Amino acid sequence: MADTATAPLITNHRAKPAKAPSIDDTIEEYMGTTGTVQLLKAVLLAFASAFDAQQVFISVFTDAEPNWHCTGSDGTCSDAAASPCALPDGAWAWDRPAVTSVVSEWSLKCAGPVLVSLPASSFFAGCLAGGFLLATLADSHLGRRKMLLASIVSMSVASALTAFSPNVWAYSALRFVSGFPRSMVGTCTMVLSTELVGKKWRDMVCVAGFFSFTLGFLSLPALAYAFRDASWRNMYIWTSVSSLCYSILIYFLVQESPRWLLVRGRKQDAIEALQQIASLNGNNITSSFSMLHACTMQEDAAGSSCGDSVFATLHSMWQRPWVLRRLAAIMTVSFGVGTVYYGMPLNLGNLGSNLYLSVTYNALGELPSSILLWLLMGRINRRSSVMGLTTVAGLCSLACIVIPQGAARMAAELVSFSAACTVLTVILMYSIELFPTSVRNSAVGLVRQALVLGGVAAPVLVALGRDKSFLSFSVFGLAIGCLGMFAAFLPETRGKSMSDTMDEEEQKEADVANCAVHHRDSSNSDLV
């Protein structure tokens with residue numbers, strides 16, 4: 001009796017096995033609190049987005065069409081003429097030296113919109129090809145750091161060679177080469193910078209990357225104004241030299257992501273990277289790395305059960321109609337947004353206002369919309385936000401057709417571009433929530449490529465609108481406004497948990513369908 005009374009009540013219960021530590025928890029444990037030095041290194045890394053922005057929008061100035069004026073006094077020329085193409089030689093001249101733009105240097109004014117838009121379209125085509133062919137290298141063989149360095153160096157070298165282009169064909173080919181590695185700069189920058197700091201500072205590092213992109217955009221009008229009477233080739237030389245110098249700093253100051261090293265099974269390299277980060281944070285790792293080993297084995301076991309090829313992931317999505325419906329709808333919306341996001345800055349020369357101020361206003365227009373969205377992301381519905389913002393962007397773009405040149409027209413264009421910037425952020429977040437973890441990277445990558453595909457079409461529309469601005473503004477407005485309505489075919493995801501597998505997401509879809517059927521049957525029975 002006494003023995004029974006004093007025996008522990010939980011003797012017959014089996015203890016639950018301890019949960020294996022996650023990679024995030026393990027890295028957080030060993031790195032400790034993110035120190036000032038490590039945070040500054042992450043912010044320095046995020047500054048790569050500035051050079052990304054420069055290469056995306058540099059053609060706004062290098063490929064701009066300069067103003068011209070009449071030189072003859074025999075009455076054969078009129079400054080009010082829409083184009084000097086029908087005028088005889090010597091009757092007109094450019095306001096600035098011909099070398100200030102590729103259009104004036106290579107006499108592309110009368111060559112047709114296809115040839116004029118070829119360099120910018122080639123750049124975005126290179127981004128499109130690079131996005132498909134290089135996307136898996138940062139997760140497999142090269143890693144984040146090597147992929148970022150290779151992308152920046154390749155982009156910079158191609159940009160420097162672009163300055164020596166003898167004709168528009170070589171120029172377009174080098175723009176394609178520059179866009180090919182550029183496709184990975186933004187992604188690798190965001191991933192690596194956030195993986196080098198603790199959870200508390202990840203949002204700040206992401207915001208730092210956004211501000212860096214805006215600073216890079218803002219630097220272009222200042223640089224272009226400094227070289228306003230010099231050759232367009234100076235723009236490419238200065239931007240490429242600065243990005244090459246930056247890549248040297250990254251090579252010596254930034255280490256590889258410990259998380260990626262753990263996933264790849266490189267335990268010793270991960271330990272060395274964690275020790276370097278911990279030392280910068282003022283911590284010394286004196287304990288064993290038992291948590292790290294357990295975490296690595298768990299990740300390896302999880303990874304072994306998944307497909308190793310991105311093509312296997314695409315095949316998995318292809319077999320499920322609901323995935324294809326979501327992917328088709330969100331990619332259609334993304335394409336429409338891409339035409340405005342990339343096309344509006346290129347189309348600033350058709351507004352009839354000061355080009356330098358117009359680009360500056362557009363760059364500044366990204367700041368308030370994105371900051372506001374960052375603060376309100378947890379409170380807004382994704383589907384209705386996409387439809388509302390694309391409608392605003394489309395209406396403002398169409399308004400540019402009827403509004404005369406001046407401040408009002410510039411304001412309408414700025415609102416359209418700001419709405420496109422905001423909806424772009426919503427779409428990327430929406431894409432992450434729409435697809436389960438097993439296919440999320442591939443799905444989001446396809447959505448981003450649809451955005452770039454819109455950028456490929458944008459320069460052609462801009463070239464068509466140089467003589468008839470209503471062509472570009474009308475297509476921009478209809479594209480983003482009408483294609484944005486495809487978001488109505490997507491489910492709402494705000495406040496809902498994200499699935500990890502296809503089966504889990506399909507079960508959610510079945511539960512929602514059953515709930516809808518039950519509600520309809522109940523309503524019909526009430527009517528009876």
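In case you wondered, yes, glycine gets a Cβ from its N, Cα and C as well.
Where the annotation comes from TrEMBL, it is an automatic prediction and has not been curated.
Not measured: the values here are computed from a predicted model.
Per TrEMBL, these features apply:
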- 518-528: compositional bias 'Basic and acidic residues' (COMPBIAS)
- 38-495: domain 'Major facilitator superfamily (MFS) profile' (DOMAIN)
- 497-528: region 'Disordered' (REGION)
- 114-135: transmembrane segment (TRANSMEM)
- 147-164: transmembrane segment (TRANSMEM)
- 204-223: transmembrane segment (TRANSMEM)
- 235-254: transmembrane segment (TRANSMEM)
- 323-343: transmembrane segment (TRANSMEM)
- 355-376: transmembrane segment (TRANSMEM)
- 388-408: transmembrane segment (TRANSMEM)
- 414-432: transmembrane segment (TRANSMEM)
- 444-464: transmembrane segment (TRANSMEM)
- 470-490: transmembrane segment (TRANSMEM)
Considering the transmembrane segment (444-464), which listed stretch of 147-164, 323-343, 470-490 counts the most C-beta pairs under 8 Å: 323-343
Tertiary contacts of the transmembrane segment (470-490), as residues 6+ beyond its ends and Cβ separation under 8 Å: 325-326, 329-330, 332-333, 335-337, 339-340, 343-344, 347, 350, 382-383, 386-387, 389-391, 393-398, 400-401, 416, 420, 423, 430, 434, 454, 461-462, 464
Candidate ranges 114-135, 204-223, 235-254, 388-408 - greatest C-beta contact count to the transmembrane segment (414-432) (under 8 angstroms): 388-408
Distant-in-sequence neighbours of the transmembrane segment (114-135), which means Cβ under 8 A and at least six residues beyond its ends: 55-56, 59, 63, 65, 102-103, 108, 147, 151, 168, 171-173, 175-184, 187, 310, 342, 346, 445, 448-449, 452-453, 455-460, 462-463, 466
Among 147-164, 204-223, 323-343, 388-408, stretch most in contact with the transmembrane segment (235-254) (C-beta, under 8 angstroms): 147-164
